[in-house]
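Under the heading Na(+) binding site, TrEMBL lists LEU108, SER112. The compositional bias 'Polar residues' feature in TrEMBL is assigned to 337-348. Here TrEMBL flags 320-366 as region 'Disordered'. Per TrEMBL, the feature transmembrane segment maps to 96-122, 134-153, 165-186, 206-232, 252-277.
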Amino acid sequence: MNEKCVVENAEKILGYLHTNVLSRDLIPPHVNFSHLTAKDYTEMYKVIRAVKEDRFASLGLDPCLLEDELDKSVQGTGLAFIAFTEAMTHFPASPFWSVMFFLMLINLGLGSMIGTMAGITTPIIDTFKVPKEMFTVGCCVFAFFVGLLFVQRSGNYFVTMFDDYSATLPLTVIVILENIAVAWIYGTKKFMQELTEMLGFRPYRFYFYMWKFVSPLCMAVLTTASVIQLGVTPPGYSAWIKEEAAERYLYFPNWAMALLITLIVVATLPIPVVFVLRHFHLLSDGSNTLSVSYKKGRMMKDISNLEENDETRFILSKVPSEAPSPMPTHRSYLGPGSTSPLETSGNPNGRYGSSYLLAGTPESEL
């Protein structure tokens, strides 16, 4: 039996006692509402149901069965900390499974946090050359203080706010822009060719059509549905109203709405900002560090912008080899009506050692 359900229904019973809907004679004398146990509530529930059989349905009391709680708490924090926890109390050797379950939650949290932190620190460290150790520690300390917001008594409301609004629409927009950038701007054929060179075999034709047509369409529908849902359903949260002994859906106050808008804007802001900075050449994209182009089977190298200690000098110091390339020579699927640039075995200038890509490939960067 769930403790939250017992507390909620006990408050309802107290309300009925104060309004004389229920008689105090129905409450067993040993029952203490300040420390109500599941056994005491079950006893009260059976007595009230037997005496008030004709009007029992109008009282709105729940038996607080485990099956009902599992049906209600099927997602979010309710699933992990209410439904699963309550279910494990009925397992054989329940303390062991409880420890294993929460160890699993800790490992899942650490794994997610490591991946998230690496996604934040790696681009900044590579771009601005900041000290890795100090920057990582600073990000972790900052995340710790932000996380304190979620462990206070109202923390579950902030968890719902961040989870529903800062990770849904912005993430969908970012994913669809990534898909369009790779499939339509960079080119699916070129991307398939590079996958063939890296993997050593051709990807299935299925991926070409999924990346180029199906995925953008599905993501566009999902983005549209998310925007419509935000417009139709006002942002709000479910709160327990003690006076009514019931759960109600309430709208967010103005300061919370401002926070929601800030979360959405901040999550998507880097995309237009970086685009404008690079469009007007205010931020370098790193492409001028090493430029390699291919023209008529000959490799052209531009090293005018290389620094003296650049590691790419090690690559440029190698001499092309006349040995056959180890790359596969079978045809890869690059799209309808396309031909594979790997079929250039007859061209002697198209063979280089393992230090270079094939001369017949499209322009790319080392």
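Glycine too: its Cβ is placed from the backbone N, Cα and C atoms.
Note that this is a predicted model, so its numbers are computed, not measured.
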Compare 96-122, 134-153, 165-186, 252-277 by their Cβ pairs under 8 Å to the transmembrane segment (206-232) and return the stretch that comes out on top. 165-186
Looking at the stretches 96-122, 165-186, 252-277, which one shares the most CB pairs under 8 Å with the transmembrane segment (134-153)? 96-122
Same-chain residues at least 6 beyond the ends of the transmembrane segment (252-277) whose Cβ lies under 8 Å from its Cβ atoms: 161-162, 165-167, 169-171, 173-174, 177, 235-237, 283
Hey, which bits of the same chain come close to the transmembrane segment (96-122), Cβ under 8 Å, at least six residues off its ends? 80, 84-85, 88-89, 132, 135-136, 139-140, 143
Taking 10 A as the limit, how many CB atoms besides its own sit near the CB of SER112 (Na(+) binding site)? 10
What count of other C-beta atoms do you get within 10 angstroms of the C-beta of LEU108 (Na(+) binding site), across all chains shown? 11
